[in-house]
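K.L.:
From Swiss-Prot, for reference:
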type     : residues : note
DOMAIN   : 365-639  : domain 'Protein kinase'
MOD_RES  : SER367   : phosphoserine
MOD_RES  : THR388   : phosphothreonine
MOD_RES  : SER444   : phosphoserine
MOD_RES  : THR520   : phosphothreonine
MOD_RES  : SER540   : phosphoserine
MOD_RES  : THR618   : phosphothreonine
REPEAT   : 69-93    : repeat 'LRR 1'
REPEAT   : 94-118   : repeat 'LRR 2'
REPEAT   : 119-142  : repeat 'LRR 3'
REPEAT   : 144-165  : repeat 'LRR 4'
SIGNAL   : 1-29     : signal peptide
TRANSMEM : 268-288  : transmembrane segment
Amino acid sequence: MRLFFTPSMSNLSIFFSILLLSLPLPSIGDLAADKSALLSFRSAVGGRTLLWDVKQTSPCNWTGVLCDGGRVTALRLPGETLSGHIPEGIFGNLTQLRTLSLRLNGLTGSLPLDLGSCSDLRRLYLQGNRFSGEIPEVLFSLSNLVRLNLAENEFSGEISSGFKNLTRLKTLYLENNKLSGSLLDLDLSLDQFNVSNNLLNGSIPKSLQKFDSDSFVGTSLCGKPLVVCSNEGTVPSQPISVGNIPGTVEGSEEKKKRKKLSGGAIAGIVIGCVVGLSLIVMILMVLFRKKGNERTRAIDLATIKHHEVEIPGEKAAVEAPENRSYVNEYSPSAVKAVEVNSSGMKKLVFFGNATKVFDLEDLLRASAEVLGKGTFGTAYKAVLDAVTLVAVKRLKDVTMADREFKEKIEVVGAMDHENLVPLRAYYYSGDEKLLVYDFMPMGSLSALLHGNKGAGRPPLNWEVRSGIALGAARGLDYLHSQDPLSSHGNVKSSNILLTNSHDARVSDFGLAQLVSASSTTPNRATGYRAPEVTDPRRVSQKADVYSFGVVLLELLTGKAPSNSVMNEEGMDLARWVHSVAREEWRNEVFDSELMSIETVVSVEEEMAEMLQLGIDCTEQHPDKRPVMVEVVRRIQELRQSGADRVG
């Protein structure tokens, strides 16, 4: 039997052939193209440190690569020592990218123009490289961009009006480049903006005046929030007068007068210099003689200051080498408390039933080491004898009178809870204020999370982390229960200390009330501070809840809030977690160390519940945050439900 094709059947077959050719290729083909582009990228930028298994068909399990719907949607390679120029033809194939993070590398040259092919790109983080040239116009076609960070590069040229096309943009960081010209009114709904340390001039547009001065420092810009502009738009460097105009008679005569000094003027200058030098020599001789005649038994603080170690962001306590104390070479003690002279000394004041096994003399004689410098002063570990260790905090910026100090510190000393570091004693004089606490052998939670993670430090599993969270929450709940206005005022991981069994003890409670109102000490807990707090001495209970929520997020992510640059491209930790939780990639939030040791599904469910609690605690509006008693209840319930699931 023979088959005959009629003209209509022939047309129909052609139609279906064209239809098949017009259909999109299977996703596996697109993913293969993505993989090829990623390998080309790695080869071009020296990514030998990227341990990608090229034998895998899919790149979705590679470090820094995230897929969705069979395509690569995110590439996050911060701090991977990448270097060199990104060639054209790579991003043109990664067309489904929504997040690209190449920050803190050594990439150079201009941005590839095919970056404009990534029309779905929402977050672009390129800060901390050496990209140069003008910001390419193709970026302004990426209408879905929400976060753009080009800071810490070598971009030049003017800030283009093309930025106005990025109508969804919320973050724009351009600081520390070589951008020049004036600053345009971008007319964007920006939440974060910075153009500091560029070659910009002119006035700051009204729409950008809502940002603080830090966003514009290191430029020649003027206007709110910087200095007021003159009528011409810039402040002249010197007043213009006839005498300053070259070629005028007055100007020439003035120059001649300035060129010549009379003999009397010269003699006066010489005599003045000799007399001044003589006075300086006499003053120095008196000072040295006075210092040599001083006879006190105090410890010279100037010597110990050489041993004090600054802890960046207060992330960790200082660990001294074994059997070594930071002691003053002229005295057996390293804790400088008071000037002890022949007229006698004041005594330590102990609280409640605290065992008085030592006095101020013992404290002065004790060998000690610096633990770290905190918001309210320097902490020392004092070794009184073979079995007695205490922590001594030497307060700074406390200027209140004896009676007021006594009233406030007695409130602190009366606090008694198993999850608080007990205040055992204090010393007060006009020049020195000392607080004596129990010594916590495991140091702080901050040190445990962000300190040395060598072979000697076991990984922190979820049971330990959630237990620390519960203990700290109970301590704060106790503080809040004492009075409706009672708060900690400085909640952060470095103020959560640990016993040998990892039981949490909250420290530094009540000390915010002691700091002088005129203190210029910078607030070192910015990453923990609630947005409504303007005075560190007046912190509400709901602000404590916010700070504790940041600690919860810190436990879950392993990230330090004080290091804002590392917390997802310049956002603080709380906002970063809020944003990624909305995008539903929670598994990328959790600490990789934690994920590597926890394989039980129930644990991940607990972690997700704790993440939600951390998000609730860090709500922008105080009324939306839970109270501490509710926080304690929720942590108890999620820990109990986890125990029930595993039997």
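A Cβ is built for glycine as well, from the same backbone N, Cα and C atoms used for every other residue.
The structure displayed is predicted, hence computed values, not measured ones.
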K.L.:
So how many other Cβ atoms are close to SER540 (phosphoserine), meaning within 10 Å of its Cβ?
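P.N.:
So the Cβ neighbour count for SER540 (phosphoserine) comes to 16.
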K.L.:
With DSSP helix as H/G/I and strand as E/B, how many residues of the repeat 'LRR 2' (94-118) fall in helix, strand and coil?
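P.N.:
Secondary-structure composition of the repeat 'LRR 2' (94-118): 5 helix, 7 strand, 13 coil.
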K.L.:
What are the sequence-distant neighbours of THR618 (phosphothreonine), meaning same chain, six or more residues apart, C-beta distance under 8 angstroms?
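P.N.:
For THR618 (phosphothreonine), the qualifying residues are TYR546, GLY549, VAL550, LEU553, ALA574, VAL577, HIS578, ARG625.
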K.L.:
Other Cβ atoms within 10 Å is the metric here; tell me which of the modified residues SER367, THR388, SER444 scores highest.
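P.N.:
Of the modified residues SER367, THR388, SER444, the highest Cβ count within 10 Å belongs to SER444.
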K.L.:
Of the residues in the repeat 'LRR 3' (119-142), how many are helix, strand and coil by DSSP?
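P.N.:
Reading the DSSP string over the repeat 'LRR 3' (119-142) gives 5 helix, 8 strand, 11 coil.
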K.L.:
Can you tell which of the modified residues SER367, THR388, SER444 lies nearest to SER540 (phosphoserine) in space, using Cα positions?
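P.N.:
In terms of Cα distance, SER540 (phosphoserine) lies closest to SER444.
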K.L.:
Within the repeat 'LRR 1' (69-93), how many residues are helix, strand or coil going by DSSP?
P.N.:
0 helix, 9 strand, 16 coil
K.L.:
I need the CA-to-CA distance for SER367 (phosphoserine) versus THR388 (phosphothreonine), whole Å please.
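P.N.:
Counting only the Cα atoms, the answer is 12 Å.
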K.L.:
Residue list, the repeat 'LRR 2' (94-118) vs rest of chain: Cβ under 8 Å, 6 or more residues beyond ends.
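P.N.:
Residues 30, 34, 37-38, 45, 66, 68-69, 71-88, 124-136, 138-139, 141-142, 149, 565, 569.
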K.L.:
For the repeat 'LRR 4' (144-165), give the DSSP counts of helix residues, strand residues and coil residues.
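P.N.:
Once the DSSP states are binned, the repeat 'LRR 4' (144-165) shows 5 helix, 8 strand, 9 coil.
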K.L.:
If one measures from the C-alpha of SER444 (phosphoserine) to the C-alpha of THR388 (phosphothreonine), what distance in angstrom results, rounded to a whole number?
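P.N.:
SER444 (phosphoserine) and THR388 (phosphothreonine) have their Cα atoms 20 Å apart.
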